[in-house]
Amino acid sequence: MAATVHSPIVTYASMLSLLAFCPPFVILLWYTMVHQGGSVTQTCGFLWENGVQGLINIWPRPTAIAWKIIFCYGAFEAALQLLLPGKRVEGPISPTGNRPVYKANGMAAYFVTLATYLALWWFGIFNPAIVYDHLGEIFSALIFGSLVFCVLLYVKGHVAPSSSDSGSCGNLIIDFYWGMELYPRIGKNFDIKVFTNCRFGMMSWAVLAVTYCIKQYEINGKVSDSMLVNTILMLVYVTKFFWWEAGYWNTMDIAHDRAGFYICWGCLVWVPSIYTSPGMYLVNHPVQLGTQLAVYILVAGCLCIYINYDCDRQRQEFRRTNGKCSVWGKAPSKIVATYTTTAGETKTSLLLTSGWWGLARHFHYVPEISSAFFWTVPALFDNFLPYFYVIFLTILLFDRAKRDDDRCRSKYGKYWKLYCEKVRYRIIPGIY
Ligand code: NDP
C-alpha cells in the first residue's frame, strides 16, 4: 500500500475545486484575453447578464482541426523524445530504492521543435496564427483529452505498473488525483512524465510564445517591443529549462509527485493556457515601451532567470560531486543527513547550507516569481488579468515550499530540524 502525505479531506476539497473551477477558468481566461480585450470587468458583466448559459455558449467545442493540431504536436514530441540521441542520465534513488534511467535529449528536441515550427511558417506550409485562431477549441480539447489521459494513467497504475514505485493508497479518489505511479513508462524507454511535463507542457510554452509573437506580426505587420521582451524572456526561461532538464528530473515534480491528475492535467492544460497567458494578452495589446524601458525589463528578467538557474545548478552540482565542489568560491557548508527508504534501507543525503541554499531554504522561488513578473510587466497596468500567472505562481510556490518542508522533515527528521536552525527562513531571507 502506498503511503500518502495528503489527507483525504484536503484531497477531496482540492480535487473538487480543481475539477470545478480550473476548466471554466481556462476558457474564461482565453475568452477574456481574446474576445474582451483582457478586461475582467467586461467578462464579469457578460456572465452577470447571461449566467451559466453564457459560459456554455462561449465554451468552444473541440473541433477536428484542434484535435489534429494537438495530435500532430504530441506525436512529433513523442517521436523526438524516443528517437533523438542523448546522454544516459540516472535519476535520484526512488523511495523504494530504484534508480530510473533517462535519455537527456531535451535541448535537441527543443531546437528541432522551434526550428521545425519556424520553418513551417517561413516556407508557407503551416501558419502558426492558425493555432491562435483555434486556441479556444484547442484548450477545450486539451481539457477533456487530458482528463481521459489521467483515467488511463490510473488504469495503467492498477493493471500494468512500470516499477515497484507504484501502488494504491486504498482510496480511488486519492489514487486518481495524486497518481498511482512515480515513473510510468510505455515499454522500457518512453517515460510518460517526461512527455507530459517537459516535452508536451514546457515545450508548448515556447511554441505558444512564438505563436503569439507571429500572430501580432500578422495583425499589425510588426512586433511591438513589449511583445518582443515578453517572448524573449519566456524563451530564455524555457531554454534554461531544457538546458537543465536532467536536473529537473531530480526535483519534486518528477522524483516525488506521482503521475496523477494533479501534475499531469496541470502540465497538459494549465501550462499551455495559463503560463503563456501574458503573451496571449499582448497579441491584442501592442504596448510600446520605448527602447530604454524595454532593455531594463529584459536585463532584469534575464538576471532573475540566471539566478534561478544558478540556485538549481548549485544544488545539483553539490549533490553530483558529493559536496566536493566550490560554492561561491569556498568549500560548501553542509549537513550529512541519513534517512530510511520505504524498503528499510538506510541512505545518506547531503544538505547544502551555504550559497543560495544558505540564504533561505527555498530562495530559488524568489527569482522564479520575479522572472514571471518581468515577462508580464511589458503589458503595463491597464488590466489585471496578465498578472494572474504571477499571483498563481506565488501561491503555488509558497504552498510547495511548505509541502517540501513537511516532506523533508518526515524524511530527514532531526537533520532537517538542524537545517532549519541553520537556515531559518523558508523563502525570503529575513522575512519569511
Ligand atoms: P527542488 O526539487 O529543486 O528542491 C527541493 C528538493 O531538494 C527537496 O525535496 C530535497 O530533496 C532537496 N533539498 C532541499 N534542500 C536542500 C539542500 N539544502 N541541499 C540539497 N538538497 C536539498 O524544488 P522544486 O522542484 O520546487 O524546484 C525546481 C525548479 O523548478 C526551481 O527552479 C523552481 O523555481 C522551478 N519550479 C517552477 C514552477 C513553475 O510552475 N514555474 C513550479 C515548481 C518549481 P531530497 O529528497 O533529494 O533531499
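Numbering starts at 1 and runs along the chain as it is shown here.
Just so it is clear, glycine is given a Cβ too, placed from its N, Cα and C backbone atoms.
All TrEMBL annotations are machine predictions without curation.
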**Stretch carrying transmembrane segment according to TrEMBL (options 259-277, 373-391)** = 259-277
**Message:** Does the transmembrane segment (259-277) come close to the transmembrane segment (12-31), meaning at least 3 CB pairs under 8 Å for residues 6 or more apart?
**Reply:** yes
**Item:** Cβ pairs under 8 Å between the transmembrane segment (259-277) and the transmembrane segment (289-309), at least three
**Value:** no
